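Q: Please see the structure below; I have some questions.
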Amino acid sequence: MKRVTVLGATGSVGSSTLDLIERNADAFEVVALTANSDVEKLAAAAIRTRARYAVVADQNCLHDLQDRLAGTGVEALGGVDAVCDIARMGADWTMAAIVGTAGLKPVMAALEGGGTVALANKESLVSAGEVMMAAARAHGATLLPVDSEHNAVFQCLDRTAPKGVRRIILTASGGPFRTMPKDAMRAITPAQAVAHPNWSMGAKISVDSATMMNKGLELIEAFHLFPVAAEQLAVLVHAQSVVHSMVEYVDGSVLAQLGTPDMRTPIAFALAWPERMETPCAPLDLAAVGRLDFENPDLDRFPALALALEALKAGGARPAILNAANEVAVAAFLAGQIGFLEIAAISADTLAGYDPAAPDTLDAVLAIDEEARRHAVERVKDCVA
Ligand code: NAD
Ligand code: MG
């Protein structure tokens with residue numbers, strides 16, 4: 001029995017993870033499930049999976065959680081510290097599927113626990129890549145990438161010959177506005193932006209996919225996960241989302257991982273690793289897909305990707321600032337306060353106005369994140385005014 005914990009159990013990735021765990025109930029013992037505030041969904045999942053703990057990050061929701069779990073045998077806990085304590089307890093396997101900067105402390109805690117951490121929360125590697133990777137090494141934790149592109153690269157990487165890698169090519173769907181002229185992008189609504197053509201995901205990452213900031217964040221994520229230089233990372237737009245990414249070798253070989261766009265495939269890979277497990281994912285029918293198209297990204301229409309490329313190359317605090325500003329801007333866009341094109345503009349302004357030294361601890365990263373948020377919030381106010 002693998003003892004598993006799911007951080008962010010009520011979200012899109014968290015729910016897909018629980019779906020696989022529940023289909024293989026004999027193989028997994030659920031230690032803990034966490035959520036931000038969706039107490040109803042959290043309590044139901046904890047009862048179904050017979051979790052030992054259910055943890056709600058928002059302390060105000062603890063009473064409600066306790067009421068729902070009374071007499072069930074599941075212990076209710078509340079607060080951010082409780083999420084981290086539970087993550088640090090060290091299950092054999094922890095899914096890190098909290099969205100955004102809120103995931104940083106829990107991911108660090110899970111790495112300190114020294115088990116296997118299946119990482120969906122890309123923001124923790126974008127903002128604190130060096131710090132997180134060092135913690136994983138120091139505590140003997142195993143980091144398995146769940147992001148579909150990075151999971152694909154992980155599967156294609158020949159670890160016996162790391163010098164043989166020429167390039168890592170991340171594929172991008174291009175999102176819902178792949179072919180939209182820039183002028184028309186001004187009028188994009190939140191409802192349009194969250195409607196991804198291929199993947200069903202949480203609101204924040206869906207907007208990130210629409211601006212292509214997601215692919216930029218993924219370049220930075222890949223830089224920390226894999227032994228390559230920034231110049232060896234490339235992006236290729238591939239609208240069908242069948243090829244999930246590729247590794248190109250110096251001999252001309254290119255290895256790709258393919259599959260239907262269903263996150264349960266990379267999640268299952270991480271759950272069963274180093275073995276494989278069955279999933280209910282539709283088998284890939286290439287004859288039905290018919291054709292696979294590829295094109296280079298358009299950095300003019302998708303300036304967020306260009307910003308992330310700059311942040312990747314500059315390193316230091318730049319990725320953490322970008323991540324924080326983007327998170328503020330995406331939230332403001334979803335709240336109807338700013339337009340679609342202003343998301344990247346606010347990130348660019350924040351990067352231009354704030355240039356601290358490179359962080360070497362998680363606290364330093366979080367201080368940079370906080371300051372960048374303050375800058376970005378001011379930019380949002382300028383837009384609203
Ligand atoms: P989601 O919005 O559907 O779920 C987020 C989860 O995090 C929820 O369980 C929520 O309760 C929890 N959460 C939110 N704020 C929190 C806080 N302040 N404290 C504690 N918990 C909090 O998001 P998602 O789409 O499942 O994405 C989760 C992560 O996985 C993101 O980092 C995303 O980039 C990454 N990811 C998602 C997908 C996908 O298909 N959805 C694919 C690749 C990577
Ligand atoms: Mg991805």
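Glycine is treated like the rest: Cβ placed from N, Cα and C.
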Q: Figure out which of His63, His139, His196 sits with Lys122, Ser148, Glu149, Ser173, Ser209, Asn214, Lys215, Glu218 in the 1-deoxy-D-xylulose 5-phosphate site per TrEMBL.
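A: Between His63, His139, His196, TrEMBL records just one in the 1-deoxy-D-xylulose 5-phosphate site with Lys122, Ser148, Glu149, Ser173, Ser209, Asn214, Lys215, Glu218, namely His196.
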Q: Can you match one of Gly175, Gly202, Gly216 to the NADPH site that TrEMBL gives for Thr10, Gly11, Ser12, Val13, Asn121, Glu123?
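A: Same NADPH site in TrEMBL: Gly202.
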Q: Anything from the binding-site residues Lys122, Asp147, His196, Glu218 with its Cβ under 6 A from ligand 1? List those in sequence order.
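A: Going through Lys122, Asp147, His196, Glu218 in sequence order, those close to ligand 1 turn out to be Lys122, Asp147.
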Q: Looking at Cβ-Cβ distances, which residues of the chain lie under 8 angstroms from His196 (1-deoxy-D-xylulose 5-phosphate binding site) while being 6 or more apart from it?
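A: Once residues fewer than 6 apart are set aside, His196 (1-deoxy-D-xylulose 5-phosphate binding site) is near Ser173, Gly175, Pro176, Ser206, Ser209, Ala210.
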Q: Can you tell me the three-state DSSP label for Glu218 (1-deoxy-D-xylulose 5-phosphate binding site)?
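A: Assignment for Glu218 (1-deoxy-D-xylulose 5-phosphate binding site) reads helix.
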Q: I'd like to verify something. Among the binding-site residues Thr10, Gly11, Asn121, Glu149, which ones have a C-beta closer than 6 angstroms to some atom of ligand 2?
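A: The binding-site residues passing the 6 Å Cβ test are Glu149.
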Q: Over all shown protein chains, what is the count of other CB atoms within 10 A of the CB belonging to Gly202 (NADPH binding site)?
A: 18
